[in-house]
Amino acid sequence: MTEMSEKENEPDDAATHSPPGTVSALQETKLQRFKRSLSLKTILRSKSLENFFLRSGSELKCPTEVLLTPPTPLPPPSPPPTASDRGLATPSPSPCPVPRPLAALKPVRLHSFQEHVFKRASPCELCHQLIVGNSKQGLRCKMCKVSVHLWCSEEISHQQCPGKTSTSFRRNFSSPLLVHEPPPVCATSKESPPTGDSGKVDPVYETLRYGTSLALMNRSSFSSTSESPTRSLSERDELTEDGEGSIRSSEEGPGDSASPVFTAPAESEGPGPEEKSPGQQLPKATLRKDVGPMYSYVALYKFLPQENNDLALQPGDRIMLVDDSNEDWWKGKIGDRVGFFPANFVQRVRPGENVWRCCQPFSGNKEQGYMSLKENQICVGVGRSKDADGFIRVSSGKKRGLVPVDALTEI
C-alpha cells in the first residue's frame with residue numbers, strides 16, 4: 001500500500017512541476033488505475049461464492065497481479081445458445097438427469113362374456129348367488145371362466161380380466177406334489193409353492209394344498225373308502241362296510257364268497273376268504289392295511305391323453321386308483337403307466353362283481369327294470385347270481401337294470 005501511495009503521489013508532484021499538456025495524461029492514468037481497482041472489487045462482490053470457486057485456476061488472479069498487469073477488457077456475457085448449437089452436447093458442471101420416456105401403457109383386457117349352460121351349481125362372481133335355470137342361465141368369460149348372471153354382467157364387464165389360468169394346474173391341482181409322500185403338515189411343508197410376479201404365494205394353491213393334505217390325513221387315519229361319482233344314491237344305500245374296510249353288497253347272501261381279484265394284485269393268487277382258516281385271515285388283513293385306499297376300477301370309455309401326464313384309457317382297462325383328491329381328475333395306474341384320467345370315465349369294481357362286455361346290442365324297457373346296451377359297451381355285474389329267466393343285473397355309469405346273459409361276455 002505504501003508503494004501504491006508513493007506511486008500515486010509521484011504523479012501529483014510531477015503534475016505540479018509538469019507542463020499543462022502532460023496534466024491531462026496523468027489524470028487519465030489515475031483514472032484507469034481507479035477503474036481497475038473498482039473492476040476487481042465489483043467482480044469479487046457481484047460473483048457469488050459458488051460461481052467464484054467454480055472458475056478455473058487460470059482465470060483467477062491474485063490482486064497484485066491484477067494491479068500490476070495492464071487492464072484487460074471484461075469478457076462479454078455469453079449469448080444464449082442458438083438452434084444450431086443446441087444439437088451439440090456441451091458439458092455442464094452439474095448435469096441434470098435426462099428423464100426417460102415413459103413405457104407404452106398396455107391396453108386393459110376386459111371380460112369377454114358369452115352365454116353358457118351350467119351343468120353344475122356355479123355361483124355368480126358379483127352377487128355370489130347360484131345360477132339356476134334351464135336355458136340362458138348366465139354368462140361365462142372365455143378367458144378366466146368367471147360365471148355371472150345376465151343382470152350382473154353389466155357391472156362386472158368393466159373389470160379387468162386376469163386371463164387364462166394354467167391348464168395343468170386347474171385340472172390336476174396339487175395332487176402330483178403329494179403323491180409319493182406321507183401326509184404333510186401344512187405348517188412345516190417344504191414344498192416350493194408357485195409365486196406370482198410380486199413374490200406372494202398363490203392363495204388358491206394354499207387352499208387346495210391344505211384341503212388335499214386333510215383328505216390324505218383322514219384317509220390314512222380312518223381308512224375311509226373312496227366311491228366313484230357315477231354311483232347312484234340307491235346303490236349307496238345297499239352297500240355296507242365291514243371291519244376290514246372292504247365293501248360288500250347287501251343283496252348277496254352271507255355264504256357268498258367275495259372274489260378278491262380286483263382289490264389287490266397279491267390277493268388274486270389265493271383262494272376265497274371262506275376257504276381260509278381264522279389263523280390264515282390275519283395276513284390278509286395286514287396286506288389290506290398296507291395297500292391302503294387303492295381300489296380297482298374299469299374304464300367305460302376311450303380316453304386319449306391331452307397332456308404328458310395323462311393316462312390313456314381303452315374300454316375294459318383295469319385301473320388301480322392312486323389319488324382321488326380331485327373331484328374331476330383322478331390319478332391311476334395301469335401296469336407301469338401312471339397318469340391322470342377323467343373320474344366319470346371309469347366305474348368302481350367291488351369284490352364279488354364281474355366285468356362284462358356287450359357282444360350284441362340289447363334294447364330294454366326302462367320302466368320294467370331293463371337296461372339298453374350298445375355293442376362293445378362295458379358294464380359291471382351287481383350280483384353273481386343270475387335271475388331265473390336268464391337275466392343278470394348290471395350297471396354302466398349311472399344306468400342300471402337287467403340284461404340277458406346271452407348278450408354279455410365276461411372279461
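Glycine residues also receive a Cβ, built from the backbone N, Cα and C atoms like all the rest.
Because the structure is a prediction, the values reported are computed rather than measured.
What Swiss-Prot records for this protein:
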type	residues	note
COMPBIAS	219-232	compositional bias 'Low complexity'
DOMAIN	292-351	domain 'SH3 1'
MOD_RES	Ser48	phosphoserine
ZN_FING	110-161	zinc finger
## Note on the structure
Checked against DSSP, the composition of the zinc finger (110-161) is 4 helix, 14 strand, 34 coil
### Query
Which residue counts does DSSP give the domain 'SH3 1' (292-351) for helix, strand and coil?
3 helix, 28 strand, 29 coil
### Task
Compute the average pLDDT of the predicted model within the zinc finger (110-161).
78
